[in-house]
Amino acid sequence: MSERTLVLVKPDGVERGLVGEVIARIERKGLRLAALELRTVSREVAEQHYAEHDGKPFFTSLLDFITSGPVVAAVVEGPRAIAAFRQLAGGTDPVEKATPGSLRGDFAVEVESNLVHGSDSPESAAREIKLWFPSL
Ligand code: CMP
């Protein structure tokens, strides 16, 4: 059964020219792109996207970072797409959790500028896809 997930290449990934690397790994894994767009995120969309982190100590910094430059937003689909992309991404902390071979393990060091975002559950995926690509 196919499912969909929302993937972001964060401002650090776009700035460093790693968009192609992220997309190549998604495609090689056997997942497909259902939507793909370069976007500058408004504060409003950023707040909605990260609503579950509202109130945490890093919330303001996270909003500043995600709105600091263009991101690439994608809807990725395929069997087990949510878990499959999270495997490609690696753990949130690029050094303590992400293993070498994963995107964060290979290309990131900081928890905040950790290259990519992927939805963490079917509920998050549905909410995030509706927020970023309402026409899908
Ligand atoms: P992401 O998958 O986009 O979802 C929430 C983001 O918050 C996460 O990736 C990290 O970039 C960021 N984040 C999580 N924990 C921390 C933290 N302790 N300090 C700063 N940023 C964090």
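The first residue you see is number 1, and the count goes up from there.
Just so it is clear, glycine is given a Cβ too, placed from its N, Cα and C backbone atoms.
ARG104 is the only one of ARG25, ARG43, ARG104, ARG127 that TrEMBL places in the ATP site (with LYS10, PHE58, ARG86, THR92, ASN114). Ligand 1 lies under 6 Å from the Cβ of none of the binding-site residues LYS10, ARG86, ARG104. Applying an 8 A CB threshold to same-chain residues 6+ apart, the list for ARG104 (ATP binding site) reads ALA89, GLY90, GLY91, THR92, PRO94, ALA98, ASN114, LEU115, VAL116. DSSP assigns ARG86 (ATP binding site) to a helical segment in the three-state reduction.
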